[in-house]
Amino acid sequence: MTLTSVNNLVIRIVQRCFYQEALSTRDRGYRFPSAEETKADPSTAKPSRLATKKILGKSFQATSYEQRIFESTNDQPTAECFFRSCSPATSRRIRRFASHGGPDLCDLRGYRSSGPEYNMSAGALSLGRRKRGAQPAVKISGTPNTTTTKDTGPYDVNFQQHLTNNRVFPFLYYYRDGKAVPPPDNIDEIKDILERPRPSLSPSQFSESEFYEFQVTDTHAAKQAQVMARVIPIIKGKLEDPRCAAGQIPFRNLDNLTDGSLVPGNPDLYYGARPDHLQPKILDKISGQIVPSAQDDVPVAPNFFLHVKGPNGSLAVASRQACYDGALGARGIHSLQSYGLSEPHYDNKAYTLTSIYHGGCLNMYASHPIPPPKVGERPGFAMTQINTWCLTGSPGAFRQGAAAYRNGRDWAERQRDDAIRQANGTTEADAASLSDDSASSSHSDASVGETMVTSQATALGLHEPETSADELSLEVEELCSISSIIHIRRNLVLPTRGEATAKARADDSVHHRKEFHRYLIRQISSSSLSLPPLPPLLPTLLLPSPWPDLTTINRQKQRKKKNNSSFLNPGSSPSTFMVSAPGKVIVFGEHSVVYDKSAIAATISLRSYLHVTSSPSSSSNRTVTLDFPNINLAHQWSIDDLPWASFRRQGETKEKKPVTSLDPLLVAALQPHVVVCVSVDDAVRKVQHSALSAFLYLLLSLHDASSVPPACRFTLRSTIPIGAGLGSSASISVCLAAAILHQLGAIRPPSPDQTVAEARAQVERINDWAFVGEMCIHGNPSGVDNTVVSHGRAVLYRHGHGVRPLWNFPQLPLLLVDTRQEKSTAHEVAKVAALSNRHPDVVKSLLEAMDQVTNSADILLQSRAIQAPKDSPSTALTTATHQETIHLGDLMRINHGLLVSLGVSHPRIERVRDLVDHQGLGWTKLTGSGGGGCCIALKRPSLSEDDVSRLNRRLVDEDYRPLETTLAGDGVGILLLHPVDVDAFLAAETEDDVEALVGRDGVNGKGWKFWGIDG
């Protein structure tokens, strides 16, 4: 049996369904004239258009209605004539209509009900995922078909009454008999979980000064958008997987909770599961319960919601929204828990939480389903208040409320994951059952094929049915098998993304189409209908192909291979390259360098990576794009719209001398083009503004409008924690400067034939322009960070004496620990200055002692005796060098003690010293300004890998972030020939994935070359 024959059969069934709709319209009282009346008086042949309008709307062509509906030699209405007369817009609506199951036949005589209105079993759930906006209002019985129901929203005072009438109950609702709606059985368990303290909100992590900043922020947030952008990020903290959160997206894809008169739910923030966590079959079957939107990248099965109102907003409105959305979330989790069961399961427990933030107070509620009073009716849903916290009242109240929010979010995630695992566990049994059913159906193929053979002339017209209208109404049971036909198409389980190759997908696609054809044949052969075949009017109406065939796949492979051939061949793609620059740490001399003392800074192996690509010069796409996912930054400019005229007066690029200050006029000219995201908090917005300013200032200072390649794209990824005092801004500035200079041809890539002087000149040019980027970010930088990041290894800096590279600085194994404690450099510097004003002599002695420590370290570190093996910096040092390593560790311990005396340490840093120094594992000191941020630990030479693993586990358990790194590595480098495209670069999810992809030791990092010179 051919695919065309099957398509013809499906079209015939759909047309018969249209005819049944017309008959049902007549049965409802809309009279069609008989054939004799039509012949006697053609003007009477004008039946009601209501049945067709109900399905197709008003987009008909301007031909006579009689010709469209009654043009037939048998004087009978035919769908064939109607299809021919439809406009293109109507044809598209027919396709969408048919793909969602065809017409509603429930009002025909003899229609067999498919079961209760609300049924969570696998066979009675919605057939598939709708398109956006596909939530039609359900007509109320008894109302004329031409009227629609007015949407009701939470701002309507009758909204809650409507929910109550449909058994969606608010908190403390009482039935007519005086009994209250029972709370969920696990409400006490939920309260206990929410009350648990969180380490990230301990007094050492969230101080009273930070609480005061929260109070100020909340007080000055006058509108709901300001509360969402500034206040809520403080409460919710960091999210492990941002893809599980979304907000302000209407839930248009969900089935109606009541009678269809309610607007879609629209929480300000909600948390759900990633769509790829669920089997595609489940997503299709219960889409109307768990998939809020037709967008493929938004979370599904949400069960934690947040509603926010500004100071002038209404708490009553927020409560109604929470009640509504909580019921939607509870229904979704209930559908997952009941998936595959013959009857819905009710355990009187809550698995969904909603929260409201208004006027500095956080209210949290639990929502749970209630069994329906009668079989076949909708279940009810009840909302129970858990607690209320006044977050602006005191630091302790904030810690309790924020901990409850975060604990509730984590608890909801665990409940959601359990429900998803339970639902996923049923799909294998379903697939096995389908396979067994299809194996027993092959015997019917031949007999059905014989009944489908007919001439093309017969196929061009519709046959007059040989039964009366009453008899046709009795055949609706068999016609309803079209729902099962479409349903089986969605039941076919295809491989999930990443589980099979393209060829395997194509093979599975062919197999599943065969299974569908066999099922269709069984359904028709078991019925008593004799339906003649039809031409393929809409050959793909009900048979969409989920995967491309092998020919398409091979063509795509060849096209991709052709597009990437020049990218992979060495020397043929100069427009695509990568640059990289490391981070840095201050090893000795923090704070004393501010008072004209010496400091030593060294690079670390954490790096930033900048991918640059552009189109050929003949391209008409004259744009430049900057992507920086670490700070949610993505912006594109038209090259011709940038203020090139303001920068042109500075002369030729290659002849420019080092810039020591920014031109205020140029900075002002850039401001209209520095556009940041308004939906992020102030800290992220500030970082975005600094990155955009540095990028545009360097681009326009070095390039001109004609030298920028078309479709130029800069994609930046950094494995360096931002804002932790590790030189992330310097690393980014060096990457930008090196990339633009290389793109312009102002520097040469490293090569063996370069002299030491030439190589150092290249690095100095990069360093000079990186300093310009640092000025755009910091205003008045010292120049230490960009210098050590550009050159690599380490540098000795002293104000007034410049920077001296320490080429012989050895590479040493280092443990970098991020305390996750925010800090302020200006605040810590001001603390030392205030202490110096109160005790000038004492502070002077401390600073001089720190200078002596730095000078002693300089002398020691220039000795090559303590260098670890180059091929493995983490290898323990030999016995002969133990004494020198201990000497270096002692200097780090002394330097940290002096910093503690200045009052710039933090309890989180001291805790790391307890775990490392006091356990005899190494020597720890803070790095940078202190007050939080990061600290560094030099490991003892005798430290084993097991000791390191135990230490890292302990740090992680206490909410630290340990990073294994190497001290004094290479500086700025370039990768010209590599097989990594920008999409793969962006697809790397974590810092480790980025390093594994493009790092020096990664799968694509063998071609890195560095400008730094050893010795």
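The first residue you see is number 1, and the count goes up from there.
Glycine residues also receive a Cβ, built from the backbone N, Cα and C atoms like all the rest.
Those TrEMBL annotations? Automatic predictions, nothing curated.
From a predicted model like this one, the values you see are computed outputs, not experimental measurements.
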To which of the residue ranges 424-455, 552-583 does TrEMBL assign the term region 'Disordered'? 424-455
Using DSSP, what's the helix, strand and coil tally for the domain 'GHMP kinase C-terminal' (888-954)? 34 helix, 11 strand, 22 coil
Taken over the domain 'GHMP kinase N-terminal' (704-788), the model's mean pLDDT: 90
What are the helix, strand and coil residue counts for the domain 'GHMP kinase N-terminal' (704-788) according to DSSP? 45 helix, 7 strand, 33 coil
